Structures are given as C-alpha cells and as structure tokens.
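*Asks:* Here TrEMBL flags 35-58, 70-92, 104-120, 132-152, 158-178 as transmembrane segment.
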Amino acid sequence: MLISPPKNIKTLVNDQYTLLDDAHSKLNAIWTHHIFLSLGWWTSLFMTVVPWIVWFIFRNKESQTRLLLGGLWAIFISTWLDYVGVTMGLWRYYNKLIPLMPDFIPWDFALMPVTIMFLLQIKPKLNPFIKGLIFSGMTALLAEPLFLKLGYYKYSGWHFFLSFPFFIIIYLIAHYLANGKSTHPLR
C-alpha cells in the first residue's frame, strides 16, 4: 500500500515547489542586493538585540526561568502565526534580518516576548486579563500601525484590529505558563 500520492499529483506538487523555489531565489537576491545592511536592516537588528539586553539587565532574576517559559511560548506562537499569515498572503515583510524565514524576527524573537516577560514581572498580582488587554492594545493598536506606517510590512488581507484577540490569548497563555503550579525542579 502506497502512502504517497500518485505520480501525476506528485508532478503537480513538484511544479508548484519549483515556482516557490524560483520566487525564494529572487527574494534572496533582492534581500542580498537591496535590504542587507540598509537602514531598515540595521534598525531591525537593533530591535532584535536591544530588547534582550534591556531584559537581561532588568529581569527578575529569581523568576527568570518562569519568565523565559512565557517568552519562549510567545516566540513559538508568534513565529508560527507569522508563518501562517505570510504563507496565506495576509501580510508580507520588507526589512527582514535574514531572507530564509517568512517572519519578522525583531517582533517574533525580541519585541513581543520581551514585552510579555516585562508585563509578567511587573505587578504580578494584577488580573492577567487586564494585563492581556494592555498588551493587546499596545501591540495591535499602537505597534502594528506604527510598523505599517514605517514600512516594515504590508497587510494584503489583514487588519490590525483582527490581531487584538490573538494578542490577548497569547499573553494569557504566557501568564499561565509562567505562573503554573506544576513547575518543579527536575529530580
């Protein structure tokens, strides 16, 4: 019994992958000749490195492992959602740090997780839903429109209001991961 699709379907799939490979080659050439080392590239690098330096200096050292768990969740889910959004043609990025990934590294790997980790450690007893609303408002209603205006990306089939509930959920899950009672040292 064959698990693989029939040969004619494989041919159709391979034809589409060839188109994707050609598009990726062209995008890599554009990145190499026009984006790499541009002002947009340098600001993207700055936005990727500086938040982690600030977090390292001002983090709550006693809770850093739990905070990192929430931050890693944010990195994972934002990268995955970015991949889905770019693949579905909902948005596209123009100032990418590296051309190999469809996501916006400064946001997915630095700005979003570090913001979440700071919110987790500031006023930890405050209602997490309120903090989720604050985070979502800051990101969906302030950061996304700002990054649009600055030209870092373009919406092709999305609006920043649609991001609002996603950011609340992302924050709440990060909160519950960082504050979970089931985290015990390995034995």
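Residue 1 is the first one shown; counting continues down the chain.
Cβ atoms here come from the backbone N, Cα and C positions, even for glycine.
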*Asks:* Go through 35-58, 70-92, 104-120, 158-178 and flag the stretch with the largest number of C-beta pairs under 8 Å relative to the transmembrane segment (132-152).
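*Replies:* The listed stretch sharing the most Cβ pairs with the transmembrane segment (132-152) is 158-178.
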*Asks:* Given a Cβ distance threshold of under 8 angstroms, which distant residues of the chain, six or more beyond its ends, lie next to the transmembrane segment (35-58)?
*Replies:* 94-97, 99, 104-107, 109-111, 114-115, 117-118, 151-152
